[in-house]
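Down below is the structure, laid out as structure tokens.
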Amino acid sequence: MPGKLLWGDIMELEAPLEESESQKKERQKSDRRKSRHHYDSDEKSETRENGVTDDLDAPKAKKSKMKEKLNGDTEEGFNRLSDEFSKSHKSRRKDLPNGDIDEYEKKSKRVSSLDTSTHKSSDNKLEETLTREQKEGAFSNFPISEETIKLLKGRGVTYLFPIQVKTFGPVYEGKDLIAQARTGTGKTFSFAIPLIERLQRNQETIKKSRSPKVLVLAPTRELANQVAKDFKDITRKLSVACFYGGTSYQSQINHIRNGIDILVGTPGRIKDHLQSGRLDLSKLRHVVLDEVDQMLDLGFAEQVEDIIHESYKTDSEDNPQTLLFSATCPQWVYKVAKKYMKSRYEQVDLVGKMTQKAATTVEHLAIQCHWSQRPAVIGDVLQVYSGSEGRAIIFCETKKNVTEMAMNPHIKQNAQCLHGDIAQSQREITLKGFREGSFKVLVATNVAARGLDIPEVDLVIQSSPPQDVESYIHRSGRTGRAGRTGICICFYQPRERGQLRYVEQKAGITFKRVGVPSTMDLVKSKSMDAIRSLASVSYAAVDFFRPSAQRLIEEKGAVDALAAALAHISGASSFEPRSLITSDKGFVTMTLESLEEIQDVSCAWKELNRKLSSNAVSQITRMCLLKGNMGVCFDVPTTESERLQAEWHDSDWILSVPAKLPEIEEYYDGNTSSNSRQRSGWSSGRSGRSGRSGGRSGGRSGRQSRQGSRSGSRQDGRRRSGNRNRSRSGGHKRSFD
């Protein structure tokens, strides 16, 4: 066992430490004489260098095991050896971050008792455990100062991510660059680290009232604040300021007077300072447009042009270095960006022609739900997918929707709002509280969609499909960050199914259609939360309730009494079933599975009409064909499900209640006419000619219904397109700060 080996090694090492200095020297001379007869020259020099004799050397297998423990996450064995063998080594060694070899070798020199050959073999094993990404991103591969490395490690960064590796060289060398990478991959540090190193390398005499050398423009206040924080976290020599609306002008004026090296901000407030003559951008050397697709859109393009036009001259190589970053870069961005770029510029695209544009660490789910049922279903989704401890963001389309959702009683967790009408000071308090876990649910508009880096977010909910694919990609990217996995759930109505397919096509993702959380899912999640809450109850408090608990056990029995208590603690005293197909309350989804493949749902209707009473069949609605054509699923009122199961007797068709929504071939489209047509066709079919006539009539009405539906969809699509065009064309009239 490793523990015994480690203890044995330490016990062996303790004996020579207690010897006097003269005894130690005498014994070492004797050992060296013996070693001439038993070891080759390499081994003799190794013994003299380390001052450790052969009777102290543990077998290599033991040392290898100890070193492997060190190179994983546990270094206790190494620390104990170090403390015992080197009295001057008082402080406990910190964890080795991500297998950083240089740091490991530097710290390991403190322990002179370790065998050199074993040390080298351990380094080789450490090399083998590093991934290709870690090797390519090792700090030693880049001109990064020790001070910056130390600050990066303080932020938990132990190597550069792929986008940072690809962009470091061009940014550090002063080249213009357009970079695209998925959300959550570290784009901010992609320009922050090399710019800081470049400025610190060429740092001039610090003067008061010095003009900024770096300008970073961001579309939202929240993103600007976060980018500024990232800069501040990795430099102590440079002055970093952040200007955005909703905050005091005076504090920003004081920053200008004291001198700024790196200025981060939103276009509106920076333009205000320029027009007032307080801010001088004539000394700019580097310009960064973060979320460039939004910065160059009509809503911001005019303000960006007003801010930086004085620093740019046509086709001049003396123009500032221009760096453009985003997770989404449509082709028009590249065309518009050329007016700011030098003739030779670099392009880094880690998305490229890959099918999937969204983050690969996010699972995308879709739930069909009528808008009136949405708050209640979202409450259940939060409970099952996030629990009481997980963090979640709910995106809504309007500020009014955000407020209503956050205040809805179905959202049991503590939720806070974030949108443009909230005062900036409160927005900052809200974001700080969400980061620190003071509350678990943030309900927001698109102000929280871009750039916010909160790795602990487990779940993103989109209350409806967004109007454009870029919004979906950025919203879903608020989870699954920094190597973690996440879930994004999009709610939709039947008429929005086309929007969902459009997002799938353009973002390169596939939504997994799921039903609302089942009763068992809710019970399991709530009971786990209740059990966890019991751990916080002190023994002193428990003593007060022992008599009552004993009385309950005698009356109800231990299991029933505890089950009732857990149900009450979790707030789950009752459950009302919902349709897995549409999320409607008061319905149960059932499946009717065939032993053979069926052509369409009419086969199931025929079988139901043959086996069940007409009254029972009339209760069935929303029938859908299952994947593989091996049956159907449908909804019945909660009161009818048990009666249908009791009436059903058929060995070739299996009627059951599924725990989760099965995979569906054809989805219910919100129109009951098709179900009615199929029912009437088959029931009339038993009457001969009239049945065929009824079927034909139903077919004609069905075709008319479908044509009307398509016409309505086209009109609805034109309305949505018109809204988007109006929004874009009028964007330049808005003021962004």
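The backbone N, Cα and C atoms fix where each Cβ goes, and this holds for glycine too.
What Swiss-Prot records for 11-20 is compositional bias 'Acidic residues'.
Per Swiss-Prot, the feature phosphoserine maps to SER41 (among others).
The phosphoserine annotation in Swiss-Prot covers SER82 (among others).
According to Swiss-Prot, the phosphoserine annotation covers SER86 (among others), on the basis of a large-scale study or a structure entry.
According to Swiss-Prot, the feature phosphoserine maps to SER121 (among others).
The phosphoserine feature in Swiss-Prot is assigned to SER122 (among others); the stated evidence is similarity to another entry.
Annotated SUMO2 cross-link per Swiss-Prot: LYS125, in sequence order.
Swiss-Prot lists 137-165 with the feature motif 'Q motif'. For the motif 'Q motif' (137-165), the model's average pLDDT works out to 95.
The motif 'DEVD box' annotation in Swiss-Prot covers 290-293. Beyond its flanks by at least six residues, the motif 'DEVD box' (290-293) meets 178, 187-188, 216-219, 223, 227, 324-330, 333, 337, 450-451, 470 of its own chain at Cβ-Cβ distances under 8 Å.
Per Swiss-Prot, the feature domain 'Helicase C-terminal' maps to 380-524; the stated evidence is sequence analysis.
There are 21 other Cβ atoms within 10 Å of the Cβ belonging to SER518 (phosphoserine). SER518 (phosphoserine) falls within neither a helix nor a strand when secondary structure is assigned with DSSP, and so counts as coil. Swiss-Prot lists SER518 (among others) with the feature phosphoserine.
The compositional bias 'Low complexity' annotation in Swiss-Prot covers 673-687 (among others).
The compositional bias 'Low complexity' feature in Swiss-Prot is assigned to 702-712 (among others).
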Note to self: When secondary structure is assigned with DSSP, how many helix, strand and coil residues does the domain 'Helicase C-terminal' (380-524) contain?
What the structure shows: 59 helix, 28 strand, 58 coil
Check: Which residue counts does DSSP give the motif 'DEVD box' (290-293) for helix, strand and coil?
Finding: 2 helix, 1 strand, 1 coil
